[in-house]
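First the structure, in the form of structure tokens, and then the observations on it.
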Amino acid sequence: MITPVIMGLQSHLYVFLPLRQELLKWNGWGYNDSKFIFNKKGQAEFTGKRYRLGGMVLPTFKEWMEKTFGASLDHKTTSRATLNVNDVPPSIVKEEFLQDLRAAKISYSQDAEDRVFRAHGHCLHEIFILREGMFKRVPDIVVWPVCHEDVVKIVELACKHNLCIIPFGGGTSVSSALECPEEEKRTIVSLDTSQMNRILWIDEKNLTACVEAGIVGQDLENQLAESGFCTGHEPDSMEFSSLGGWVATRASGMKKTIYGNIEDMVIHIKMVTPRGIVEKNCQVPRMSTGPDIHHFIMGSEGTLGVVTEVTIKIRPVPEYQKYGSVVFPNFERGVACLREVAKQRCAPASIRLVDNAQFQFGKYVDLLRQISLSKGFNLLLFKGFDPNILCVATLLFEGDREKVLQHEKQVYDIATKFGGLAAGEDNGQRGYMLTFVIAYLRDLGLDYYVIGESFETSVPWDRVLDLCRNVKERIVRECKEKGVQFAPLSTCRVTQTYDAGACVYFYFAFNYRGISDPIHVYEQIERAAREEILANGGSLSHHHGVGKLRKRWMKESISDVGLGMLRSVKEYVDPNNIFGNKNLL
């Protein structure tokens, strides 16, 4: 049975649309009302009521900042509170194009704030620029289609007037994918898909749903839940990232073990290109009709066209959900356990292993509460666990209650064989929920001369330990060689597991006091870390994508011939480079 479901914006009239920047920060991560601050007592706290952490005081976080980075509340930088519109490059758009937009009843804006908001993602250098300067190039105009047909009109007009289109979904890119090429002389159009946010239909028999690509993850899950379904796709950015963005970057989520990565979840994609509309003639589970055209679209990062509608697999909302955690004597034992769980194909919905540096961070922000141990901590000491070496895995089980409990026992039995001790449900839940607020910490760090970033890779199991060790050591060495005066934070976690390997997620940060050009130094260190990843058998990216940030390594990653194949597709689909964001190629 197919049930038509129209949720979200329903009017196709030419109307004034709500501004994202009324809800989200213009030069930082997340919601305006949610951030880490130091109060008058010098204690860290998290503002707002959107998260469980909201209103909570973190009494030892200041100590962690001082101990880890040499940071001090006496050394504070000041970000610009508001955007100076006079700093924004002027909008240059021909009147003929504006007339055509009005005739097509497509909403648009040339307002400076609207354009700057869509000129960037969330790479460190992009946020740093917003705090202290301005981009040399921003979109000239923002357009808001509200349906597939609107996108067709916009692309046709761009071809007619020879304009450049950069699709904009949730704006959470960490690959410089949304930055405007400085050398682009044509009018740059930011095509914001946020008003294409409807679930068009739900097929309860085939367990599929057709959804417009602009919907953000949390809205998709909330609206599906009203009908008793979910996708299970939970990237760290799910509050802000869009379905179309997931497709365009080949995204992955924290619960991919059960629900799969985006390529496992997609049944059908509709995409508008300068050459026409790309879609299959049926929505079946699998086809043997040559190379899968979906795989030209997934990971194309806005270089070929605009994804407008996606048919995606759905599942009934799980009956039962249970968190858990395990503490291991060291990182090596933890990785060995995750390897065995993957080998036996019994991984829970989410299993993530953090190294000791991240455990220490969790302890200091008082979320893991030193794994809430009271008597448990004494047990660890009795078992010979060293708090300066141990690591923690967080777990999430979902499904039928009886099966979840059986599954839980199987995983804990395996953990015991590798010296693991159960550390409780609360710690598992805190560790999982910390994922959604950790990005807010970068903004606090920037206020006190601390800059940092995350990056990820996938790697075969037999290279996980070497890669983790070598990359972290390379970061420390590069910081010292580049004149960083304070020891950096260099840490990692294993976040997704596969039969043949795992995803490893790195964080690094350092105090940049005394450095005249911190972003240049940071970029040199990040580049060296990526070189080390590749030298140790890791991939260029697991789920963040390539964008402009990592495209220098594309030939090395997929071969000269492979890169030529991508260029050939681009040249056929978009011969005049209408989608000229310069990602990937």
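Cβ from N, Cα, C; glycine included.
Features as listed in TrEMBL:
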- Tyr505: active site, proton donor/acceptor (ACT_SITE)
- 167-173, 249-252, 301-307: FAD binding site (BINDING)
- Arg442: substrate binding site (BINDING)
- 135-317: domain 'FAD-binding PCMH-type' (DOMAIN)
- Arg352: site 'Important for enzyme activity' (SITE)
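Annotated features taken from TrEMBL, shown on the structure.
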residue	record	Cβ neighbours (10 Å)
Pro167	FAD binding site	27
Gly170	FAD binding site	25
Ser173	FAD binding site	29
Ala251	FAD binding site	26
Gly302	FAD binding site	26
Gly305	FAD binding site	26
Arg352	site 'Important for enzyme activity'	24
Arg442	substrate binding site	21
Tyr505	active site, proton donor/acceptor	21
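Among the recorded positions Arg352, Arg442, Tyr505, the residue whose Cα lies closest in space to that of Gly170 (FAD binding site) is Arg442. If you compare Cα positions, the residue listed as 'active site, proton donor/acceptor' sits closest to Arg352 out of the recorded positions Pro167, Ser173, Arg352, Arg442. When the alpha carbons of Ala251 (FAD binding site) and Arg352 (site 'Important for enzyme activity') are compared, the span between them is 17 angstrom. Spacing of Arg442 (substrate binding site) relative to Arg352 (site 'Important for enzyme activity') is 21 Å (Cα to Cα, whole number).
For the domain 'FAD-binding PCMH-type' (135-317), the model's average pLDDT works out to 97. Here the CA atom of Arg352 (site 'Important for enzyme activity') lies 32 Å from the CA atom of Pro167 (FAD binding site).
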